[in-house]
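Asker: Quick one: this structure, given as structure tokens, is what I'll be asking you about.
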Amino acid sequence: MISQFSHLPNIYIHISFSSICQINQKVRFCLFLHQEMEMETLVPKQKCETKSVFRRWGAFGKEMNRVNSIALPMIVVTVSQYLMRASPMFMFGHLNELSLSSASIATSICNVTGYSVVFGMASALETLCGQAYGAGHYKRLGTFSYGAILSISIVCLPLSLVFICTEKLLLWTGQDPLISAEAGKFAVQLIPTLFPYAILQCLVRYLQSQSLILPMVWSSLASLCFQIPLCWAFIFKLNLGNAGAALSIGISYWFNVVLLVLYVKYSPACSRTRPPFSKDVLITVREFFRLAIPSAAMVCLEWWSFELILLLSGVLPNPQLETSVLSICFTISYLHYHIPYSFGAAASTLISNELGAGKPEAARVTLYAVLILSITEFLLASIAILICGPILGYAFSEEKEVVDYVKEMAPFLGLSIIMDSLQAVLSGVARGSGWQRIGAYVNLGAYYLVCNPVALVVVFVLHLKGKGLWSALLMGATVQCVALSIVTGLTNWEKQAKEARQRIFSGDFSAQNESVCNHEKLVETC
């Protein structure tokens, strides 16, 4: 009797393993259906709840406070990081004209060919990390960040080759041989700054998606305060010249990275979002590049257009005056741009969080709050530009010709501040929602089908000088704002929330692996 049933344990194990595999598949399918049903039932419920909340201005005021709590500290972060690369320029002016001119040209080339690409690719994390955090998949923030750091570091290798070729590029465009040689040396010396800059931008997006802004404020300020005396010592005390400036920039970037890494490693606020490095990091690389490439295109297309406008100013009559005035206008515009960019970062963070959490109406309320604050700010800024127009040029030059020209440019500058501010916020909405591909197409059309062709016409056909160039830039920004406004206005936020959750849940590799391991252990127990 016993021998007749001696085969039962093997049959039992085989049946248990098959049953568990079937149960595993059914559970995954049921979880997916549950998520779909949750999104279907969530939409009317969220719509009713949020409409009632929106009518209560107290709740809307709290949303505006949330936006300000991110945007205002982010202004400090972005300005500090900008000054790390800009502060050596103030010191080069006390050396000689060759150091200043060569460093300025090299910095411009490196911004276009290197830093813009890194900055744009890192922006993909605003979508991935922000939506993962909103969905409650905290470990994926760390996984996405690891993948981004690995991916962008690899991309920095070919970008370094472009830096090496800077001298040949400048000679090919007809630049002065001596300036080209010095600019080429400075570009090569900036190569070590590219890698810590890439890591820093990924860490900024990782913390930004969790609304952990204050650690970045303190680390950025500490790095800037560390870099300025270090740069001064390298340039003037050790007589390292441009090489000392590049060295100080690289050291300050690494210093900032170390401070943020220590915070991430030891802060309880990051305990849920710092998983160990695993093979899941390699799996996320594909998803990262799917968003990183259009993100980089979105940023680079805009940055490159601005550089082209500045280069065209050099072929105008009286190029020294035209280039000086346009450089002043670009400086004012760029310094102000940190404010709307920070509001765009707040929009990106909060909207991505809400979409990841499956709250489309809450994302819409955040959009309204950001727009109201941004419109208020850029109206005040543009009015201030118009009022201060007669004396604005004295902040940069004592020559009356330059001051008078800046006064004439003030109305154009005020209008461009309005358009740049609006597009900065709408671009933040695009990053938070995952519309980077749409944003890239919009920027391609606005700047390369409108702005740049118009700029060529006004320079070589109409001879409208600096005002014509700035008008072309203003036309491109206007087209960009109109297109992004139409896309935002026609957005189906319920669909965006559903796609955000599918993006996060469909790639939940860690959860799947953990489930499989648990089932294998159960089979072994049986």
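Including glycine, each Cβ sits where the backbone N, Cα and C put it.
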Asker: Match it up for me: which of 5-24, 65-84, 325-344 does TrEMBL list as transmembrane segment?
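Answerer: So the range that TrEMBL calls transmembrane segment is 65-84.
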Asker: Taking contact to mean three or more C-beta pairs under 8 angstroms, with sequence separation of 6 or more, is the transmembrane segment (409-429) in contact with the transmembrane segment (469-493)?
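Answerer: Checked: the transmembrane segment (409-429) vs the transmembrane segment (469-493), in contact.
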Asker: Are there residues at least 6 beyond the ends of the transmembrane segment (441-463) whose Cβ is under 8 Å from a Cβ of it, and what are they?
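Answerer: For the transmembrane segment (441-463), the far contacts come to 297-298, 301-302, 304-305, 308-309, 312, 315-317, 469, 471-473, 475-477, 479-480, 483-484, 487.
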Asker: May I ask for the residues of the chain that lie six or more residues beyond the transmembrane segment (216-235) and have a Cβ under 8 Å from a Cβ within it?
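Answerer: Sequence-remote neighbours of the transmembrane segment (216-235) are 73-74, 76-77, 80-81, 83-84, 87-88, 91-92, 95, 204, 207-208, 241, 243-245, 247-249, 251-253, 255-256, 259-260, 263.
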Asker: Which residues, given as numbers and ranges, are at least 6 beyond the ends of the transmembrane segment (247-266) yet have a Cβ under 8 Å from it?
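Answerer: For the transmembrane segment (247-266), the sequence-distant neighbours (Cβ-Cβ under 8 Å, at least 6 residues beyond its ends) are 81, 84-85, 88, 189-190, 192-193, 196-197, 199-200, 203-204, 206-207, 215-216, 218-220, 222-224, 226-227, 230-231, 234, 240, 274.
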